[in-house]
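Novice: Structure below; questions to follow.
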């Protein structure tokens, strides 16, 4: 049976679920994409990601174009108009087609009586586009970030906040990790070249390759065979600091979806790895990654604050703690983060990180290494978190990453084309 649905209305409903109900786009989008034809999957993703990336602008424009906001059962129409505006501003879809499909979306969401309103608002925008955009570009909304986050970035990075914001608003590059147990990076790059694609090696991370143009994973040489994995370069940097060795007992805590678990096993295939995550659903992706790469690890569901519940008194040679965080370093990859996070989340996350660090430290052997990592750019979750931990933990010593006054290494979004990421390497005396 042919799959045929109104993509604009589907995108509007997905965006509404993110903004109004706090649902993650990575949970909402895949089931929706199963309902449309293969050729429409990419457009549905573009509409959802694009609207969430530029939501501040689209909201600002609607407030200028409409006397009253849409509320109640008509709220989905508000997001449908956003989808229409996004197409007119940012896509190559011919304006007449963008308008027609968006207006028709009102029928799909059972609001056919509002077709005229949607058409009128979008046509009004076309007439006033130049003057509206000039006014918008002089407003604070042009940064496309919620005000609470903008204030935190300005405080933490008085010289760099604008470049962080600009990087967050870009489309991310596609980074891959070559499985060194199958191929050297150079030999896999040669296979990529034979397949008619270009890739570039990262200067610092030995397995990392950036694709010149993002591609579907099934087009990548050996993806199904486990020769290559999609993983941002900054996330791959964790292995530089962890430096896992064969024969060691290694804990990957907060492990889902398993990208770092499998990287540990690529670097040290004879290591004994325990992968733990609190989210049982996301652990299924750890199993999937291990299966595709043909690797074995022990996988458990567990809360990082209570390690004795899932590992007893076990001690580890190395621990990778990829701590739960605000994810403010990966906004370009997950633009819904801007609208899912709240200012009050930051102290709550910092408290959780602190509790996990304290709990897991007793399970690290003397002389062992713990790498604390986040995909955040906020000091409360990163340098300040580690500074406080070092002050209260007599047998913890910072190694290779920063100074006791400014602990850790902070990668900012877009630096060397990678995501925003923080690492601190700690040794137990």
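Just so you know, the numbers here start at 1 and follow the chain as drawn.
Glycine is no exception: its Cβ is also placed from the backbone N, Cα and C atoms.
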Novice: Given Swiss-Prot annotates 254, 255, 256, 257, 258, 259, 260, 277, 303 as S-adenosyl-L-methionine-binding, which of 232, 322 belongs to that site as well?
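Specialist: Looking at 232, 322, the one Swiss-Prot places in the S-adenosyl-L-methionine site next to 254, 255, 256, 257, 258, 259, 260, 277, 303 is 322.
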Novice: In sequence order, which residues at least six apart in the same chain have a CB under 8 Å from the CB of residue 303 (S-adenosyl-L-methionine binding site)?
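Specialist: When sequence neighbours closer than 6 are ignored, residue 303 (S-adenosyl-L-methionine binding site) has 278, 309, 310 within Cβ distance under 8 Å.
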Novice: For residue 256 (S-adenosyl-L-methionine binding site), just count the other CB atoms lying within 10 A of its CB, please.
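Specialist: Cβ-Cβ neighbours of residue 256 (S-adenosyl-L-methionine binding site) within 10 Å number 25.
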Novice: Given a separation of at least six residues and a C-beta threshold under 8 Å, show me what packs close to residue 260 (S-adenosyl-L-methionine binding site) in the same chain.
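Specialist: Listed in sequence order, they are 235, 238, 239, 252, 320, 322.
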Novice: Between the recorded positions 254, 375, whose Cβ has more other Cβ atoms within 10 Å than any of the rest?
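Specialist: When each Cβ's neighbours within 10 Å are tallied, 375 leads.
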